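Q: Feature table excerpt (TrEMBL):
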| type | residues | note |
| --- | --- | --- |
| DOMAIN | A:6-122 | domain 'Response regulatory' |
| DOMAIN | A:151-362 | domain 'Histidine kinase' |
| MOD_RES | A:D55 | 4-aspartylphosphate |
Amino acid sequence: MNEEIKILYLDDEVNNLVGFKAHFRFDYQIFLASNTNEALKVLEEHPDLRIIFTDQRMPDKLGTDFLDEIRVIYPLPVRILLTAYTEDLNTAIDAINKGNVYRYIRKPWSVETIGAVIADANRHYLTNSLLTIKNKELEQAYNELDKFAHSVSHDIRGPLAGIMAAAQLAQDISDLSEINEILQIIVNSAEKLDRYILNVHDYYSVRRGEFNIVDVDLDAIAADMQVMYEAIANAKGIKFTITVNELGIFRSDEVSVKLILNNLLSNAFKYQKKDYNYKYVHLEMGVEKGMATFIVKDSGIGIPDKYIGDIFNLFFRATILEAGSGLGLYNVKNILTKLGGKVSVNSVENVGSEFIVSIPSK
Amino acid sequence: MKYPFIVIDDSPIDCLIVKKVIGFSGKSSDVKVFNDASQALRYIEDKGEENLPPLSFITLDIMMPVMNGFEFLDKFIELPQSIKDRYKIVIISLSNNEHTTKKLMKYQVIEAIVEKPITMDKFTTVIEKYS
């Protein structure tokens, strides 16, 4: 039986209902209604109904009028009108214009006809729903692109303007030590631009969502992270510790996992309190019962409560204390959605933040 | 004559450049830098009216997190007239599209709008009438 395909049949003649269910209950989920109120109740409880069969001549309402009433709230189910009479042309016109019906079937129906109509209607439903979903995705992509073009032009031109201004300035002055200082500005601007472009690259690889699922070795990742952040930890006097608790196999996309950890760790190192003697970053990784958990904890500046809800938004920035693109956590959230994972955050201002990521093994 | 300057830009690199340009122009008696517009506003409020030099300049970026340039301007114009009169604001920002420029025109405190990258030439043009 195909549980997914839910069908409603509305008819005031109970014999018809019973016969319909007897024939099709093994193949589909059938819901019956002997009046329009019952039908509405079924629709309310099962908004994922795919196909509605309705009789035309019913004591309380015409089938076409019922279909007309529900089309605004329930636009997706495919409508099929059954009728015993040789109706006039008006009924047929109403059925198409008001009821938006997909098929018009004459009673008494045959099992073969209904079976074929259900198969057709289901295909029609799938195509339509897919189109609706695709349209929504497209709309979202457009909005993002809009924001993106705007932000990219600003964030790329910013460091470039810095480079141009500094170079111009260097031409205008002759003091050598000043020129050296200005060259450093150029280097810093170029590095900022480079980091930004890397982030944009990440953004697009996440969007494309091409994953390469492998057995992820958490110990190896721990060793990688230790090496990668050793220099910054030493330079800024931050204690960096990692614990691994591997109680099972974790299958996922290794590049994505590293991208998530790199974003969270670089934030943890970046947003530390300036004059604090016990700066630390701690990474805890574990796998248990097909679920991997990563916790990144820091003694940083924390996130004000009013911003917690926004930090995963595209181009959102909560602080001016450090340079950021507003892309990092958005990328994290986006990958996690694609991997079926979750992220939550606990943060206290001036105490620190804790990001908890969980990813199911594929 | 030399004037005090307040530089407001979220990018430390841009602040440094503006500070250098101001320095080389020989027009500044003092340069204060703020990466956060709200802190600059507090500084101006705290300074009040007494001991305020006859004229100070503020250079202001537009696109900034936390408090952007427009938010700063809206707060600034609420200050007492006697304080506002002592400041001239120079906008130094990246994309001065038509919409932004139109919006900026409404603020009378704005002396000039300069597009980044800031150069000695652009800066001198703005400041030369204040000898």
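The backbone N, Cα and C atoms fix where each Cβ goes, and this holds for glycine too.
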Q: So, in DSSP terms, is A:D55 (4-aspartylphosphate) helix, strand, or coil?
A: strand
Q: Please give me the CB contact count at 10 A for A:D55 (4-aspartylphosphate), counting all chains in the structure.
A: 21
Q: Could you tell me how many residues in the domain 'Response regulatory' (A:6-122) are helical, how many are strand and how many are coil under DSSP?
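A: The composition, in the requested order, is 50 helix, 28 strand, 39 coil.
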